[in-house]
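**Student:** Sharing a structure, written as structure tokens. Questions coming.
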Ligand SMILES: [Ca+2]
Ligand SMILES: [Ca+2]
Ligand SMILES: [Ca+2]
């Protein structure tokens, strides 16, 4: 409650109090202003969204965020084209989405594999060590365990096949990293211009102590080793 005193006209020495009981407080005014600002933001957002919906063509798909339109051909093709990946979401690609025609969510083309969530990827990408379906369903143990690899390929523990030269190269090329274990690599002999990682993989010598990790166990950047390499180099240059 607030009040204020004013002098009376008939007697300037006597004052009366005017009460402001029914007037809104500053706090209430602030609450109302915040509410109005919030409603304005909501209305603007709604108008922008309606505009974006209107701007997408008939053969286009509208991404939820970013107000972007993409070609319907890119929906459920295994590659995320919307920033929010809405074009590859499980709900959409399983065919539950009502905003698309059936042709966009129907079977994959010949030579393509249907990911568990619904998208399509090239059949050659199944069990190749790299996740190509957004949900990784092209590289599961269930799918790959019965896989046989040619002599030119290394077989990952879960069954994927990668090229032989990719095993023990310092980088995990099998999704489970089984191409870069001590068990597989420790007996490897490295060419003269290569450095042998602590667990046995071979990387180019110039990648040792270059402040980037090139062995999966990071042994190419071990501090002690790099210190001694540096002091050896400075000795060489001083002589
Ligand atoms: Ca793959
Ligand atoms: Ca590798
Ligand atoms: Ca390095």
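Glycine is treated like the rest: Cβ placed from N, Cα and C.
What you see is a predicted model, and the numbers here were worked out from it, not measured in a lab.
Quick paste of what TrEMBL says about this protein:
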type	residues	note
DISULFID	108-120	disulfide bond
DISULFID	115-133	disulfide bond
DISULFID	149-161	disulfide bond
DISULFID	156-174	disulfide bond
DISULFID	190-202	disulfide bond
DISULFID	197-215	disulfide bond
**Student:** Any same-chain residues 6+ apart from residue 215 (disulfide bond) with CB under 8 Å of its CB? Would you list them in sequence order, or say none?
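**Tutor:** Within the chain, residue 215 (disulfide bond) has Cβ neighbours under 8 Å at 170, 197, 198, 199, 201, 203.
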**Student:** In the structure shown, which of the disulfide-bonded residues 133, 190 has the fewest other Cβ atoms within 10 Å?
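**Tutor:** So among 133, 190, the disulfide-bonded residues given, the one with the fewest Cβ atoms within 10 Å is 190.
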**Student:** Compared by Cα position, which of the disulfide-bonded residues 108, 120, 133, 156, 190 is the closest one to residue 149 (disulfide bond)?
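**Tutor:** That would be 156, the closest of 108, 120, 133, 156, 190 to residue 149 (disulfide bond).
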**Student:** Sorry to bug you, but what's the C-alpha spacing from residue 120 (disulfide bond) to residue 133 (disulfide bond), rounded to the closest Å?
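**Tutor:** So the Cα of residue 120 (disulfide bond) lies 8 Å away from that of residue 133 (disulfide bond).
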**Student:** Just checking: which of 120, 161, 190, 202 have a Cα that is within 10 Å of the Cα of residue 174 (disulfide bond), counting only these disulfide-bonded residues?
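**Tutor:** Cα within 10 Å of residue 174 (disulfide bond): 161.
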**Student:** Of the disulfide-bonded residues 156, 161, 190, 202, which sits closest to residue 120 (disulfide bond) by Cα distance?
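**Tutor:** Out of the listed candidates, the nearest Cα belongs to 161.
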**Student:** Any same-chain residues 6+ apart from residue 161 (disulfide bond) with CB under 8 Å of its CB? Would you list them in sequence order, or say none?
**Tutor:** 127, 128, 129, 147, 149, 150, 153, 154, 155
**Student:** Using a Cβ cut-off of under 6 Å to any atom of ligand 1, determine which of the disulfide-bonded residues 149, 156, 190, 197, 202, 215 qualify.
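**Tutor:** What lies within reach of ligand 1, judged by Cβ under 6 Å, is none of the disulfide-bonded residues.
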**Student:** Among the disulfide-bonded residues listed here (108, 115, 190, 202), which has the Cα closest to the Cα of residue 156 (disulfide bond)?
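**Tutor:** The answer is 202.
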**Student:** So among 108, 190, 202, all listed as disulfide-bonded residues, which is physically nearest to residue 115 (disulfide bond)? Use the C-alpha atoms.
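**Tutor:** Nearest candidate: 108.
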**Student:** Check the disulfide-bonded residues 108, 174 for other C-beta atoms within 10 angstroms of each C-beta and report the one with the most.
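**Tutor:** Answer by Cβ density within 10 Å: 174.
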